[in-house]
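If you check TrEMBL, you get these features:
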COILED    215-242  coiled coil
DOMAIN    249-462  domain 'Histidine kinase'
DOMAIN    481-596  domain 'Response regulatory'
MOD_RES   D530  4-aspartylphosphate
TRANSMEM  41-62  transmembrane segment
TRANSMEM  68-89  transmembrane segment
TRANSMEM  101-124  transmembrane segment
TRANSMEM  130-149  transmembrane segment
TRANSMEM  156-174  transmembrane segment
TRANSMEM  180-198  transmembrane segment
Amino acid sequence: MIADQAPPRVREDRSQGLRLLPRFDEPRLLAAQMALIDQSFGIAMLGCSLAAFILAAGLTLSGDRPGALPWACAMAVACAVAYFGRLALTGRLTEAGAARYARGMTAMLVLIGALWGLVAWLYLDVRTPAVVICVLSLIAGMSAAALAVFSACLPVAIGFFVPSIVPVWIAFLATGDIEYLPMFLGTPLYLFVLIMFARNYSRVARHAIALRFENVELISQLREQTARAEAAQHEAEQASRAKSVFLASASHDLRQPLHAMGLFLVSLGRTALDERQRQLLAHIEASSGAAREMLNSLLDFSKLEAGVITPRPRPFRLQPLLHKLENEFAPQADARGLVYRTRDTTTTLYGDPTLVELVLRNLIANAIRYTRHGGVLVACRQRRLHAVIEVWDTGIGIPAAQHREIFREFHQLGNPERDQRKGLGLGLAIVDGLARTMRTRVTLGSRPGRGSVFRFGMPLAWNTPEDTPRQLAPRGLDGLRVLVIDDDEAIRTAMSELLGAWQCERRTAESEDEALAMLAAFQPALVLADYRLRGHRTGQEALDAIRQQLGRHVPAIIITGDTAADRLRSAHAAGTLLLHKPVVPQELHAAIDSLLREAIAQGETRHGQPQAEAE
């Protein structure tokens, strides 16, 4: 049999039916045709032998015809030779040996067909109509069977039809009996019909084989394309992972010195400086703040991709949030000569106020950044079951062709020079990701040169939100024992300076082992640990070891500069309060104050002493 290899496309040749030999310039097609015939060849030879013995028995019983049985034996021998010869040639049924196989099979069938024609020449006795009917019936039946078996290749079928039927026609011609004129005329007609049917069957077989070859070729091409696509996808995934690792490493390495610089700047601001020095310090702090905002944008985007942002919906009043944002952004708008307005609202929403604030913060910052004249308006419109929050601006506007593109990461309009004051182009990508996290959608309306409006919907709350707890004044940290664990010497030094300015007792360690060695002489009430430590250890592991050695729970804050998705998920899964570098000292102070209030409320230790004694 022929293997389903991927050949080139086979062209249909409609003149094939007029040829008596296969076309040897189409070896694949010819080999496939021979394979179809080969499937039924053995059964055909067995049937041919049995039919010969049946005819011989009938002829012998009908009269003195002693040659019928030897003829049947000769037919059986010829069929056996054809069958075993076919077995010998089967190994050559390949593209290279297809023509030889076809010639051998045709020769075998010419011999078998000639033996059937011989019986008609020898025993077609017109004086015995029963014999005529018997001979014609078997020859016609064998020809019909041959049509079904051998017509996949027309020359092979013709090799059987012609030598088996032409002698019948000659036998009728030799009788000279006018009564058999219809038989004389019908015999060549029958041969013609057989050849035409075989021609059509051969054409159908050729077409089916060609389609199979095309399908094999298409499947082969599809497999190749799939393999190439999978290889390209694998390369793209590797490149994406490499890019993510690079960005995460670069972000971590940038956050380390920026975090230390921010702490040093706060300590420097507490020293005696003249007016000129304070102006320079303000410029440095502004540059540091711009870098911190860009890194925080990268962090927010990394959190979205890592899937560590989980909405915590609850009823909340929108107006306090809008008031807070106005207090923060109105001075920025005034500095650019813009008018910042907020429409008062009594709307109560159901959602995560932190995520809503982050969405609004990015939209408002974007509006101020790209507005040169006019102003920014933040409003809320209440519908039946939801509210629509809108941020309007009179900025440069956004062309319709860019309405989808601007929500892609790192995409900016009007910033070919990549001015860092215009951000990284992540603001709207973060907005879109946060909106999808909250199961809402941000829509955009804009007219170039006139301004834009961004809208997103939030469900209304039917329950009255709980009153916001009264903000307590920050507690002093005097005498608080703090253990700092970080493998970066600059950060340890800067953190020690800052904690010293807050009147804390502090110790610093560069590794988990060094921190554990300090516990005999210094028992901390608070641990500040970097997430990534030396020796492939983490701050959480160091914290667990400290708590186990002290035999008590110690409040702690993990501070990390990592933005890789897997590290963000691991850090959030630890359950410890997590801050991201660079940390603003005010935020660190507020986090420490909140953590200690919670620890005291739960009866845990402070300053290394029980709460009652601390009070």
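Counting starts with 1 at the first residue shown.
Yeah, the Cβs are placed from backbone N, Cα and C, and that goes for glycine too.
From a predicted model like this one, the values you see are computed outputs, not experimental measurements.
In this chain, the transmembrane segment (101-124) touches the transmembrane segment (156-174); three or more CB pairs sit within less than 8 A of each other, excluding pairs fewer than 6 residues apart. For the transmembrane segment (130-149), the partner stretch with the highest count of Cβ pairs under 8 angstroms, out of 41-62, 68-89, 101-124, 180-198, is 41-62. Residues 21-22, 30-31, 33-34, 37, 41, 48, 52, 55, 59, 65, 67-68, 71, 74-75, 78-79, 81-82, 85-86, 89, 92-93, 131-132, 135-136, 138-139, 142, 146, 150, 153, 155-156, 159-168, 170-172, 175 of the same chain sit 6 or more residues outside the transmembrane segment (101-124) yet have a Cβ under 8 Å from a Cβ within it. In the domain 'Response regulatory' (481-596), the DSSP tally of helix, strand and coil residues is 56 helix, 26 strand, 34 coil. For the domain 'Response regulatory' (481-596), the model gives a mean pLDDT of 84.
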